[in-house]
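Engineer: First the structure, which I've put down as structure tokens, then a few questions once you've had a look.
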Amino acid sequence: MASGLFRLIAGLGRELIVSYTFGSFTLLILFSNCGFVLSRDEVKKWWIWAYWISPMMYGQNAVAVNEFLGKSWSQVLPSSSETMGVAVLKSRKFFTDAYWYWIGVVALIGFTLIFNLSYAAALTYLNPFVTHQHVKSESQSTDLDDDSGEANQSSSQGSIKEADAKVTDQRKRGMVLPFEQFSITFDEIKYSVNMPQAMKEQGVTDDKLVLLREVSGSFRPGVLTAIMGVSGAGKTTMMDVLAGRKTGGYIEGNIKISGYPKKQETFARISGYCEQNDIHSPHVTIYESLVYSAWLRLPQEVNKETKKMFIEEVMELVELSSLKGIIVGLPGVNGLSTEQRKRLTIAVELVANPSIIFMDEPTSGLDARSAAIVMRTVRNTVDTGRTVVCTIHQPSIDIFEAFDELLLLKRGGQEIYVGPLGRQSCHLIKYFQGIEGVSQIKDGYNPATWMLEVTTPGQEMVLGIDFADLYKDSELYRRNKALIKQYSSPAPGSKDLHFPTQYSQSFISQCMACLWKQHLSYWRNPQYTAMRMFFTTVTALMFGSMYWDLGSKRGKQQDIINAMGSMYTAVLFLGVQNAGAVQPVVAVERTVFYRERAAGMYSAFPYAFAQVTIEVPYIFQQALTYGVIVYSMIGFEWNAIKFFWYIFFMYSTLFYFTLYGMMTLAVTPNYLIASIVSSAFYAIWNLFTGFIVPQKMIPVWWRWYYWMCPVAWTLYGLIVSQFGDVDDMLDVGITVDEYLRSYLGYKHEFLGVVAAVMVAFPVVFALVFAISIKLFNFQSR
């Protein structure tokens, strides 16, 4: 039944956070009216309909009847003709007829069928909330508006070459911010990882698996270099090694930056890396993304006006000026198209004013027109005098023609061609056609495709040659070695790269920049912030109407239990909803964090500070809204101090639940695993709240966990602050405060300690979140 119910909610919600919110809302209604928190005779008449439609009510009555009408409970009480089991059922206002077992079974089967059929109908008739919104850029609308295939091809072929004329002026005048040109040389690079266990089981005896074998070359300013090879040849591996993005494995060989040994801390400041996945914060605009990157990566001495001019110039360079106010959005869902996101990825790196840029598959997943636009952007970047290196997979003729040099790898990570392409790839064709047995390229055939076809392992076997050995015996190899030697020596009068600090900006500036972006991300994410407030308001109104005026009743023992039940249910449902809703939001931002930290934008603690701090005002608004509504409707004592304590405990609770959700995400690979891990603790916390089993009745060997359970401290604080000083007489012959001490173990004088612990829980969860974000990286490369 529950699976069908939540499947239906997912089908109706159609969006993760919306579905999660309404799922929690539905569970709240069903749970609050199932006869457990409030017995059947205490459910308000305006809520009795929810009691009769709650599947949990039918299941609970069926289980209760099945148990308490059994032989174990058949002893007849001496003072009554009823059995012990019937007396228990009546005390909790459960039904006492045996046929309720079968009513429960039939009802649950019926609910299961209804929910699953409704889910099928929702899938059939409901459309997504959002549609794919790809904004047409000016370059697409003016240069590439012909829809015919022939026009597409001719347009894409000409568009890259048109860039030459466009950048002539830029090349002459330079850019607003000057940059120092750097070359990168690498000699005999070898990269290996520990041998996978699966390969060891197949009989491989080596301890290490070599992915790159003695690769050498040089990348120079103003030269666009392509790294190519068949799948598995090591293209991205090669780029990650050179860029310093590898998080594991063993690297051997020499890498130098303009003649000086490469140091990753300083190299990150003068280099950029455009990842293939185009990872960006979804709720900021293009212009804000660039401002944020420039803020954190440009030197402190660059003033605000110069930064603004430079950002405008970069947007013009990558042809994004007309789209500056567009929200980035989520890939494949809304916002920018794939091609526009590629250009934004390049722009985000360019505003850091790097000297060396790595691009991983910049044309991956794009059609001919989109790829031409992106390559035009890449070509514009190279023509500013920067060193640009791209991995590329099966490019078209015109895209391949845009490159100046090629580093070609074969499977196993060995180089078989490192050198210039020439006009219409003449140098490349001449080299391979000079090898005996290699078939000639046909007129009009793509040189990139031909090159990969004639260098396959199958061709090597047919020809009886090894292309890697042939390359090492060639004049081309000796030319590259000479270039490496030339660029591996520092220029006269030059100095090694040095920066006084690891990051461009101070710790405070990093915190402010991260908080600024988080503010924009939260403000423009109504699915998260607005739905959470909606859920809180509706929950408050529900609880207020369910427990109407119960807070003013202090004559019966059950009145105190009812008031405690309202607090127990609200804390668990609101808290768990907060923790669950924040996890997918933080998961998206954590992915962006990995990229930004690798780029040297900031350390882990400013990000954690911003992620935690931005929740403060939203949670305060949430706690205040809930507190004012519930406090007045339930009828708790209108006392300023007691009202303050109620708001304080609700705020602290919602805060630590939200931080707990962040913390579990930080220590797990994704939010799905995080939700499973956190849910396991919710069940344990529920048992030790002190409501289901009072503290004094918990076995002594488990009582230690009661004092570790955050929800137990919340209930302690809420109950004691409201009733701990009340001396009204109860129907059981003792005062309210005596009842709290004797039955629940709550002491009013302990309130200060409870408040201190309620402050400690958010602090501890926030620290664990920050430390986990710093230490754990679930995007291993």
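Even glycines carry a Cβ here, placed using N, Cα and C.
In TrEMBL, annotation is done automatically, which means it is predicted and not curated.
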Engineer: Out of 17-38, 589-610, which range is noted as transmembrane segment by TrEMBL?
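Structural biologist: When 17-38, 589-610 are checked in TrEMBL, transmembrane segment belongs to 17-38.
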Engineer: Check for me, if you would, whether the transmembrane segment (704-723) reaches the transmembrane segment (643-665) - at least 3 Cβ pairs under 8 Å, residues 6 or more apart in sequence.
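Structural biologist: Since 3 or more Cβ pairs under 8 Å link them, the transmembrane segment (704-723) and the transmembrane segment (643-665) do come into contact.
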Engineer: Please determine whether the transmembrane segment (530-548) and the transmembrane segment (671-692) are in contact (criterion: at least three Cβ-Cβ distances under 8 Å, sequence separation 6 or more).
Structural biologist: no
Engineer: Within the same chain, where does the transmembrane segment (671-692) have neighbours whose Cβ lies under 8 angstroms from its own Cβ atoms, ignoring anything closer than 6 residues to its ends? I mean 6 or more beyond.
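Structural biologist: Beyond its ends, the transmembrane segment (671-692) has Cβ neighbours at 564-565, 568, 571-572, 576, 579-580, 583-584, 586-587, 660-661, 664-665, 698, 702, 705-706, 709-712, 715-716, 744-745.
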